[in-house]
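Colleague: Structure provided below as structure tokens; questions to follow.
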Amino acid sequence: MAKDPVRVLVTGAAGQIGYALVPMIARGVMLGADQPVILHMLDIPPAAEALNGVKMELVDAAFPLLKGVVATTDAVEACTGVNVAVMVGGFPRKEGMERKDVMSKNVSIYKSQASALEKHAAPNCKVLVVANPANTNALILKEFAPSIPEKNITCLTRLDHNRALGQVSERLSVQVSDVKNVIIWGNHSSTQYPDVNHATVKTPAGDKPVRELVADDAWLNGEFITTVQQRGAAIIKARKLSSALSAASSACDHIRDWVLGTQEGTFVSMGVYSDGSYNVPAGLIYSFPVTCKNGEWSIVQGLPIDEFSRKKLDLTAEELSEEKALAYSCLN
Ligand code: NAD
Ligand code: LMR
């Protein structure tokens, strides 16, 4: 029997990530090849015509799984009945800016859209915040939508996770699909800590630690980390626009794994509400290694954290605490 359609909201749908993301969703990349979807697309009035153009293209592409499209500039209409909300709407950073520089423009959007989601989304709606500063926007959304369970509000660090997989695969000349269990800790910013201490590569002789195969701690503790931390800026420098296809694809990975589950023995990185695990202060949206089952994520517990890593986990937590304070000062 055919499944009922799932309603997926994409805010900022007329923007560049939106343009890459909506066809992926309509093709089943996010929720599966047998899952019909109804797309809800929100943008602001100056982008209404462009949004309508995206809607026309979705119709023209004749996606078999796409059972309807709502394209609107009204947040209430956009949020009504949605089961998944991918929050991309906002302002991207430009060359020379840090992600927190877009703070004052973006956090106020997340405060106001929190209440539209809280009042009008379907019960148990899963929320993924992509717009920067992603962790702090997600935290503001959580704080101003108190009736949405905190487990349902997440932010995107899967792009950083995928970037880390990509760097290891390039360095070792192995398939990216054979590398697993890298971790992004903390903020989706240049203080994030890409950690390979638990990562492995599938080889004919079984899974081998990335550290053993790379055999170059100076690279793993230096250039590898900074490359992943700075990759967003490198894309902006090269494209004069921030990453879009990789962000859209990673957003699909994030929701797919959350809804359909992670593979046995594999963990992924998600920005989630911290419960104090790994001595990260509770009450931040912080990227952790997680596994997902039955539509719920759980933080992977008990991984040993060495002194080098501890400092990096703390540094990015400190930045998130500062961002939280700054966000509140922007809202006041
Ligand atoms: P973009 O400027 O191309 O598109 C953003 C869209 O949001 C525009 O169409 C704009 O009109 C719309 N918008 C603005 N205010 C809105 C509001 N209140 N409600 C609904 N829509 C609104 O930008 P983009 O390149 O698509 O990037 C979007 C965001 O995603 C940026 O903040 C960017 O920094 C961030 N980003 C995050 C990641 C990540 O990994 N977390 C990766 C890439 C980009
Ligand atoms: C990215 O990581 O590519 C995005 O967050 C865009 C940016 O501002 O770096």
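Just so it is clear, glycine is given a Cβ too, placed from its N, Cα and C backbone atoms.
Where the annotation comes from TrEMBL, it is an automatic prediction and has not been curated.
As listed in TrEMBL for this protein:
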- 6-153: domain 'Lactate/malate dehydrogenase N-terminal' (DOMAIN)
- G12, A13, A14, G15, Q16, I17, G18, D43, N106, V130, A131, N132: NAD(+) binding site (BINDING)
- R93, R99, N132, R163: substrate binding site (BINDING)
- 157-325: domain 'Lactate/malate dehydrogenase C-terminal' (DOMAIN)
- H188: active site, proton acceptor (ACT_SITE)
Colleague: On average, what pLDDT score does this prediction assign to the domain 'Lactate/malate dehydrogenase N-terminal' (6-153)?
Modeller: 95
Colleague: Among Q16, G18, R99, N106, the binding-site residues in the record, which have a C-beta under 6 A from ligand 2?
Modeller: R99
Colleague: If I take the alpha carbons of the residue listed as 'active site, proton acceptor' and R163 (substrate binding site), what is the distance between them in whole Å?
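Modeller: The Cα atom of the residue listed as 'active site, proton acceptor' is 12 Å away from the Cα atom of R163 (substrate binding site).
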Colleague: With an 8 Å cut-off on Cβ-Cβ distance and a minimum sequence separation of at least 6, pull the same-chain contacts of Q16 (NAD(+) binding site), or say none.
Modeller: P92, L241, S242, A244
Colleague: When you measure from the Cβ of A131 (NAD(+) binding site), which residues in the chain that are at least 6 apart have a Cβ under 8 Å away?
Modeller: T11, G12, M87, V88, G89, G90, F91, N106, I109, Y110, N137
Colleague: Measuring Cα to Cα, how many Å separate R99 (substrate binding site) from A14 (NAD(+) binding site)?
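Modeller: Distance (Cα to Cα, whole Å): 21 Å.
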Colleague: Please report the DSSP secondary structure of R93 (substrate binding site), reduced to three states.
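Modeller: Where R93 (substrate binding site) sits, the three-state DSSP reduction gives coil.
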